[in-house]
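Participant: Checked TrEMBL, it gives:
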{"type": "REPEAT", "residues": "89-127", "note": "repeat 'HEAT'"}
{"type": "REPEAT", "residues": "130-169", "note": "repeat 'HEAT'"}
{"type": "REGION", "residues": "283-332", "note": "region 'Disordered'"}
{"type": "COMPBIAS", "residues": "289-322", "note": "compositional bias 'Basic and acidic residues'"}
{"type": "REGION", "residues": "369-393", "note": "region 'Disordered'"}
{"type": "COMPBIAS", "residues": "369-378", "note": "compositional bias 'Polar residues'"}
{"type": "DOMAIN", "residues": "409-430", "note": "domain 'Putative WW-binding'"}
{"type": "REGION", "residues": "429-452", "note": "region 'Disordered'"}
Amino acid sequence: MLTPLGRLDKYAASENVFNRQMVARSLLDTLREVCDDERDCIAVLERISRLADDSEPTVRAELMEQVPHIALFCQENRPSIPYAFSKFLLPIVVRYLADQNNQVRKTSQAALLALLEQELIERFDVETKVCPVLIELTAPDSNDDVKTEAVAIMCKMAPMVGKDITERLILPRFCEMCCDCRMFHVRKVCAANFGDICSVVGQQATEEMLLPRFFQLCSDNVWGVRKACAECFMAVSCATCQEIRRTKLSALFINLISDPSRWVRQAAFQSLGPFISTFANPSSSGQYFKEESKSSEEMSVEDKNRIRDQEVPEDVQVRPEDIPSNLSVSNSSVKLENTMEDHAAEASGKPPGEISVPVDSSLLCTLSSESHQEAASNENKKPGNCKSTLRPEVDTSSQDSAFLDQELYNSFHFWRTPLPEIDLDIELEQNSGGKPSPEGPEEAAEGPVLSSPNITMATRKELEEMIENLEPHIDDPDVKAQVEVLSAALRASSLDAHEETISIEKRSDLQDELGINELPNCKISQDDSVPLISDTVENMDSTLHYIHNDSDLSNSSSFSPDEERRTKVQDVVPQALLDQYLSMTDPSRAQTVDTEIAKHCAYSLPGVALTLGRQNWHCLRETYETLASDMQWKVRRTLAFSIHELAVILGDQLTAADLVPIFNGFLKDLDEVRIGVLKHLHDFLKLLHIDKRREYLYQLQEFLVTDNSRNWRFRAELAEQLILLLELYSPRDVYDYLRPIALNLCADKVSSVRWISYKLVSEMVKKLHAATPPTFGVDLINELVENFGRCPKWSGRQAFVFVCQTVIEDDCLPMDQFAVHLMPHLLTLANDRVPNVRVLLAKTLRQTLLEKDYFLASASCHQEAVEQTIMALQMDRDSDVKYFASIHPASTKISEDAMSTASSTY
């Protein structure tokens, strides 16, 4: 007989802990009972404040579990109890964050995140009540466990509170916590959530404040912290500019891949593919499939330049001091870069520490049709028109003309056939800033290119020392890879003038064979070429440029072995990253890093392929073929599920040449692999040429055979895909090849397969009947009548009714054609000896057929036949048949229940 408040007071004062727990659980119900009286609501909230001081942790934890629900109630009833949450509930949540009991703290943390996610906390309260408490809990003298949990809460709430609050209140303390020298748990939490903070605060704050801390965390002496950094590397990379990503993060990631801890290397390799994908250039990954559908010739040079200028700033300030000095792999190449920048700065009059480097993706080698024609007319006047972009101009035009030459660049004209066959000698690029004229190669070799041998001589001793230090650990595959890199750098630095002359003569001979006396306006940036070491390594410096085009380079298979190795070099991502990614298929990696490393490689391969572009597919082709033949079926399954996406990236020519053979192999693989191909069968086949597509008509029948006959989902997926494939094939092909499979699936033992097959057959009837002439449609209908309508088994006759029902519902046939071809055979089943068939017939006639306007508006002989059949079914001896034939389905609740269970019962 107590009032809600009296009952609350009675049990809240009880000495029984269970009673007080029940009070906490019933608070929301009590509020709902007294919600009409504002004073009673305030009284309940005041009692919540007293209950929060309970000495029993289980009572406090139970109360905190109810706080989000109570807060939502207060929000819904805000007019009657304004500021209730901010005044009574939020202080309890914040106070419990520092509770002595671990369960209470965890519950309050979950409640705080739930309240923030539902936007129940005002922005003012977040700034004045929540953030100050969290900052206080992360103070140096705070409890270790509380500090770790508070840092985690700050990181998790950052995306919910937004950029402004995060930058002003959370970011400074987060940076301090990243340098917590006493507790590695705090640093590990910071590292695990680093990517989320970067994505919230944006690029500027990330590069100015967070990146230095990230570098420290990546070199932490606790492997768990470094592993957390490797796991969030992609998110951090997405929050930085392309220059930072290429010059700093790439070298940092190489260190993580070479980490002494296996767990760090394992996490790094798992993040390698996603990290490479952050180098993708949106303008170069246009996803039109047919290459001829959008030719590069349709885009003018001005348009390309305008797009190019929008993507990347013309000049980016590159400071050598920003490059970390503790990098083991790319240390020598960084020094090479700095030395080159000093030379270039002296030539251009800029300080050696700061130099303006063009990073436009189109400035690696500028060649246009306009400049080609102009140079052809002035051939005798200008024997050599090739200049270094960073070398002082002695007897050439001003910088304005050089800028004009850059603006006339057209990647399509440069890469179109036969120009891709020109082998730009890397040794030549390393030792000369530009290609001399064929008439005087010796003069050019003795000219301003003498600075390059001086640079390589300065670093040879350092390379030799690094190799000697690493040789005792040559058994480690990572150390071995570093030694190979450094050895390649040493070989590149020891090139003599004789090799230079030979390479220049080869280049001249090649030009003579092609009928080209010179390469007009071929600007080779010295800063681009010097850090390239050997044929497989690329320094991660700021001057590496993008070369994006959509031309097909499938003819690379005709190259010699040396040239084939040379084609592994690309300019989209740092070469060292790609080399590490390609090494993930090495069997030794499975032993030293992760047994499933090949699966991670396969999982991220479409993203890497999209980043490199179809023009660099030759870099990944061998790796993809290795993965496709991997012994682990999980690896092949991963590729099978993504092969259709890769086909979109590569285009029709490369797909036909490289993916179709692998696709054919997957068709004959285990069911676990075949299901990946089958789920996207339509997506892949629609990308093929019609002739190649028709070849798979003969293999569709093989999908009916599985390793396990109980694998009915395989056949259900086949039926789903056949529905989509109908649009890809002609009516004759559909009738000859798809029809037998569809009819076979209609008689499947599993009802789920049959249900999808009925839809397939109805869509097939629709397509064949719409064809000209509709003879295939009539033949299919006759076969349905013969094989199912007159089937000796009742399940076949029931299937015929289901098909007719689907044809009516989906309007696959005009009603006049349905009345002629299918309805007479359908009505004859009213005398079927099996009640299940008659029940389904009654449902079909009453619920589906008579709903069509054709039978409602016209008083035809067909309508009369239907009405007579329904009257006969209403007098049927079976009660269910009689019920469905006499009662309209929408008139009673019982009929709705019967409809809902019809698929399983009948």
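In case you wondered, yes, glycine gets a Cβ from its N, Cα and C as well.
Just so you know, TrEMBL annotations never went through curation; they're auto-generated.
Can you tell me where each of these features sits in this structure?
Facilitator: When pLDDT is averaged over the repeat 'HEAT' (89-127), the result is 91.
With a cut-off of 8 Å between Cβ atoms, the residues of this chain six or more beyond the repeat 'HEAT' (130-169) that come close are 90, 94, 97-98, 102, 105, 109, 112-113, 116-117, 121, 123, 176-177, 183, 185-186, 189-190, 192-193, 196-197, 199-202, 205.
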Participant: Residue counts in helix (H, G, I), strand (E, B) and coil for the repeat 'HEAT' (130-169), per DSSP?
Facilitator: 33 helix, 0 strand, 7 coil
Participant: Which numbers of helix, strand and coil residues does DSSP report for the repeat 'HEAT' (89-127)?
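Facilitator: Each residue of the repeat 'HEAT' (89-127) counted once, the result is 29 helix, 0 strand, 10 coil.
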